[in-house]
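Remarks on the structure that follows.
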Amino acid sequence: MFQTLYSCFWWERLWLPANLTWADLQDRDGRVYAKASDLYITLPLAFLFLLVRHLFETYVATPLAGLLNVKEKIRLKATPNPVLERFYAATSKHPKQAEVEMLSRKSGCSVRQVERWFRRRRNQDRPSLLKKFREACWRFTFYLIAFLAGMAVIVDKPWFYDLREVWKGYPIQSMLPSQYWYYMIELSFYWSLLFSIASDVKRKDFKEQIIHHVATIILISFSWFANYLRAGTLIMALHDSSDYLLESAKMFNYAGWRNTCNNIFIVFAAVFIVTRLVILPFWIMHCTVVYPLDLYPAFFGYYFFNFMMVVLQSLHIFWAYLIIRMAQKFITGKARGAWREETAVVEDERSDREETDNSEEEEEVAKNGPLSNGHPVLNNNHRKTD
């Protein structure tokens, strides 16, 4: 049965155009082709990335946070209470008024004490500023290096300037060493993101992030199997072109450099919209949808690859909507002078809004002290910026 499934999975008609077989992609005459077995190395490399990330966050990001005066906020811990803890873990982190009164009777605490306990308990679960800074610093470093490396891989290639060259001679296109390492590093990194997503800062778009990581891994892997290497390197470099800007904006946000953060965010928004909503659909996807049909009839791999591209593009549209909405808030608020200086921080609407606590003030750090974040709550539909 396993052999049958294996044969069905690797059936040539799923991966290659008509009249071509895997034998046509065997190494010969100095030509080297991508092989599925090459991707086995990406899993151990992903765990290596997790180790490197831990060392980087400990010995690079943490000292850098200290230099930028990124400090941990002191949060009061909730007093251990088995009754409230069970309700918090099993039922809800935001009890309704009737539930608060019920818990008050069961725990022997006053209603106000129960409300305070849940507020403190939620704050305990919120990721610290240092954790968010370290995560952003790591991703900024990788995305910047990956973008520069990606440009070095493709900038001197003819298909970078003429997209018809992407399919010239396909699929008999020899793999270059630079393409091999670019693919291995990118795929390993996205595996590491998928492995660590449960322990990373939980964003408001948590589900969309999982879909994005899975779709990216499938796209990279499929393009490797089907020898779509030229199109794949273009797509990966295009995606890396804006991500490092986003992470740097987060870093400056957490460090309190508000003007720098705002300016970088505007640049990021412009680059994101141009690359993801203009270049990707009207150049790259046009290249993957239209040009192959000049050479071969459409086959399953052609439809599958472009379907996954549509999934990614849908996520880009979703994120672009959030980014544009945030940019509108920023510009409008700044123009009207309605925002106080401390709340005029550009917030990453795309992926930096935690789900853990979306409408509450930080606990007091000392008796009669100020709120630790200094932000008033406007209403239940507003979130604090970091």
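Cβ atoms are placed via backbone N, Cα and C, with glycine included.
Record features, source TrEMBL:
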- 69-129: DNA-binding region (DNA_BIND)
- 344-353: compositional bias 'Basic and acidic residues' (COMPBIAS)
- 354-364: compositional bias 'Acidic residues' (COMPBIAS)
- 67-128: domain 'Homeobox' (DOMAIN)
- 131-332: domain 'TLC' (DOMAIN)
- 344-386: region 'Disordered' (REGION)
- 39-56: transmembrane segment (TRANSMEM)
- 140-160: transmembrane segment (TRANSMEM)
- 180-198: transmembrane segment (TRANSMEM)
- 264-284: transmembrane segment (TRANSMEM)
- 304-324: transmembrane segment (TRANSMEM)
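Counting residues per DSSP class in helix, strand and coil order gives 36 helix, 0 strand, 25 coil for the DNA-binding region (69-129). Across the DNA-binding region (69-129), the prediction's mean pLDDT works out to 82.
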